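Undergrad: Sharing a structure, written as structure tokens. Questions coming.
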Amino acid sequence: MLLALGPKAWPKLSQFKPLLRISGGETLHRNSRHWAGQGQRQGPGLRTRLLITALFGAGLGWAWLAARAEKEQWRQQQRTEALRQAAVGQGDFSLLDHKGQPRCKADFRGQWVLMYFGFTHCPDICPDELEKLVQVVRKLEAEPDLPLVQPVFITVDPERDDVAAMARYVQEFHPRLLGLTGSTEQVAHASRNYRVYYSAGPKDEDQDYIVDHSIAIYLLNPDGLFTDYYGRSRSAEQIVESIRRHIAAFHSVLP
């Protein structure tokens, strides 16, 4: 068209160039907004996509936690079964408590029991382990939904740990800590039932000696069955959590 009008007409058309550019630009811009608007209406909004992503992530998290809990429960069941097959604590015992009253295993039926074997002349390990045991008992006492756990201390040194010595010793830890002692044969029998090793060392010039022995805290359920044990490396918090799980599992299978 410009060629048909000739060069002389071009200056007259120059005044329309801005209008053409502006008009075309506006048209293109409006079309772009129209297309963009159509694209936004066709798909979910940003909030919807974020909500879907959050729900999906929460679902994955819940599934992971459920799988982890199931795996932990399976491990606990396997451990409990292995401990039962070890035949620990299945026999009875006959001892005297720190008040001079006879005690046997049946006296603790219906209670959860934490039991530790040691001796009152122990310089450090026994006091530390008994203090840890008492911490566990106190933490569990602070939870009203949980049953009381009975702490028990059985000596492996009956030669020195008579009733009076046990009474003096246990009062330093917890008012409900029960000390048990007996004759050499009675203590040996109870120790064998729980697979506890102990051996008195040589006496020094003051007739003092150290007793080497197994270091473990035993957990018995209300049926009197050995349920678990905890070595020195286990903290009070770890033991409390383990006992919580055992209590929950025990009550879940009650008729």
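Placed from the backbone N, Cα and C atoms, the Cβ positions cover glycine too.
These figures come from a predicted structure and were not determined experimentally.
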Undergrad: Could you look at His189, His213, His246 and say which one Swiss-Prot places alongside Cys122, Cys126 in the Cu cation site?
TA: His213
Undergrad: Starting from the Cβ centroid of Cys122, Cys126, His213, which together make up the recorded Cu cation site, report each further residue of the same chain whose Cβ lies within 8 Å of that point, ordered by sequence.
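TA: For the Cu cation site, the extra neighbours are Phe117, Gly118, Phe119, Ile125, Glu129, Val156, Val211, Ile215.
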Undergrad: In sequence order, which residues at least six apart in the same chain have a CB under 8 Å from the CB of Cys126 (Cu cation binding site)?
TA: Tyr116, Gly118, Phe119, Thr120
